[in-house]
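Feature list (source: TrEMBL):
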DOMAIN    83-455  domain 'Myotubularin phosphatase'
BINDING   231, 232, 293, 294, 295, 296, 297, 298, 299  substrate binding site
ACT_SITE  293  active site, phosphocysteine intermediate
DOMAIN    632-683  domain 'FYVE-type'
């Protein structure tokens with residue numbers, strides 16, 4: 001089978017020319033999504049030209065050349081403004097009951113004069129004066145003074161900043177006052193922690209450059225803690241070794257485990273989680289924590305967001321996790337453009353800091369899947385789009401950069417795209433009551449796992465397994481479709497049972513008369529008055545069927561009359577299921593009753609139409625296992641999102657299941673996903689009866 005492999009230009013990480021062989025010039029392309037593609041080009045000149053072209057296209061010179069500024073969405077998709085207004089930092093802090101008596105909104109950074117890598121809205125202790133703010137900002141690297149990042153309901157706070165410019169002996173009274181005010185903003189504890197995420201030796205080396213760490217003698221009632229997370233250079237080298245390990249053609253168990261151990265990747269993931277849980281434990285215990293690393297936008301962002309993830313159930317939802325990224329990463333100045341390599345720049349600035357956040361989140365998701373509303377695909381989508389530059393959400397290094405580029409006006413938002421595909425990211429195991437409060441991770445060495453879904457996702461192996469995140473939603477959707485179909489059948493059975501048993505359900509003067517006779521038809525006449533018919537009249541009416549168009553031509557007030565014409569297939573085979581007064585049962589009254597029922601415009605007029613209505617829903621769905629290609633010839637592998645058409649039950653790709661329409665045989669108000677073959681035969685507007693809509697909602 002022919003299979004196409006698409007690689008986004010912005011996903012290209014490196015392009016390497018290998019030594020010439022007898023078959024041609026090899027070219028190795030590594031991507032930021034951990035895919036390696038090996039080309040053999042017959043002519044060396046062509047290989048050189050391809051090498052230079054790929055380097056130029058994958059590393060634009062400036063941000064204006066990125067794809068997000070040229071991407072045009074289809075007319076059926078969301079507008080360009082969708083998603084940009086999903087998050088507001090003031091709304092997020094209001095959710096935490098801020099501002100309050102202890103914390104207030106500071107306007108000193110409205111024009112980014114205090115710190116150009118911080119958001120324009122920052123929250124500081126209410127008693128902090130302008131002099132204290134300015135003095136503390138001047139004493140911190142890049143002007144990143146201590147500000148509020150998260151406030152717990154017990155008044156304990158997570159504050160963040162950068163390293164002090166202390167050198168070997170420098171001190172700043174305003175900075176000391178600032179930390180003391182943060183400590184006092186928590187009336188329930190008399191001390192606080194300052195967490196330096198770096199190894200102590202690294203912090204000591206920075207003293208020679210006029211930076212360093214706080215002198216404990218100058219800060220009262222504050223306890224200091226070093227955590228030992230490596231810097232961006234250590235993480236970059238670690239990931240390179242991990243990728244080399246995963247690229248082995250036929251690795252043995254020992255070679256893979258040795259490579260994984262030598263990379264140190266899992267050790268780094270554990271150190272980040274250890275630090276995050278330490279902070280979360282302190283906050284849940286009522287003690288405030290101020291966190292910093294070197295510049296406060298890499299390791300600080302990691303541990304602050306992960307600590308909040310453990311503490312706050314809101315951040316374990318889809319919208320909450322997006323808000324967490326917006327607040328702790330985008331607003332507080334993580335350098336996405338530099339760390340992800342969006343444009344040509346110093347390669348030493350690139351580092352998998354955001355990838356580690358997603359990896360740590362996956363570790364928590366794997367340990368407690370019922371605690372998270374999102375699934376693994378949600379995390380992979382965030383990772384890939386952070387590097388793809390199709391949307392403007394992750395472009396730039398800080399909030400000021402994004403506003404200067406006018407990204408909300410010129411580009412689409414990733415949040416808008418994900419909102420329109422929300423069902424793809426929902427975790428079917430999510431139970432918000434399972435972890436209503438703090439989430440305690442298992443940080444033992446054997447509990448930290450290698451994330452195959454991220455780093456080896458393009459290696460299908462001999463027997464590729466379908467993702468549990470795909471199998472469970474498929475089962476849930478199938479069960480949902482069957483449940484709605486059962487509800488529909490129960491409603492239809494109840495309707496016909498009432499008609500056959502002669503039950504009356506009058507809500508107005510309009511009645512429908514079902515007259516059983518010796519002919520093969522059942523004819524219905526709508527009348528505006530009650531009627532009494534004897535046996536002779538009944539026989540006459542049964543021999544002379546009255547059609548709806550005859551009735552409507554008699555009088556103006558009968559224009560709503562209609563005829564239900566069902567071909568009789570013979571006597572009923574299970575009369576015991578009918579009511580005791582059924583006209584065909586033994587002992588039934590000799591008088592054929594007049595069956596009066598309210599007219600329902602949604603009852604199919606013929607048996608063939610009824611059968612067609614019932615068959616609009618597929619009862620048997622094809623399994624997603626071993627499905628390698630969609631009907632449109634799009635290849636489907638273990639990483640592709642596979643969907644089911646509710647109309648025919650076939651497995652299709654995301655593009656082919658874009659159509660949605662209400663199905664008559666579903667007792668549900670929402671539209672069902674359909675493939676292109678089933679969509680045209682389905683009405684474009686919901687056709688669910690009004691009574692079904694009411695019960696469904």
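Any Cβ shown, glycine's included, is placed from N, Cα and C.
Each residue in 162, 197, 300 lies on the same chain as 231, 232, 293, 294, 295, 296, 297, 298, 299 and has a C-beta within 8 Å of the C-beta centroid of that substrate site, without being one of the site residues. Residue density at residue 295 (substrate binding site): 19 other Cβ atoms are found within 10 A of its Cβ, drawing on all protein chains shown. Mean pLDDT for the domain 'FYVE-type' (632-683) in the predicted structure: 79.
Residue annotation for substrate gives 231, 232, 293, 294, 295, 296, 297, 298, 299. The furthest Cα pair among them is separated by 12 Å. Close to residue 231 (substrate binding site) in the fold, though at least 6 residues off in sequence, lie 198, 202, 294, 298, 299, each with a CB less than 8 Å from its CB.
Take the CB of residue 299 (substrate binding site) and look out to 10 A: across all protein chains shown you find 27 other CB atoms.
Mapped onto DSSP classes, the domain 'FYVE-type' (632-683) shows 3 helix, 11 strand, 38 coil. For residue 293 (substrate binding site), the number of other Cβ atoms no farther than 10 Å from its own Cβ, over all displayed protein chains, is 27.
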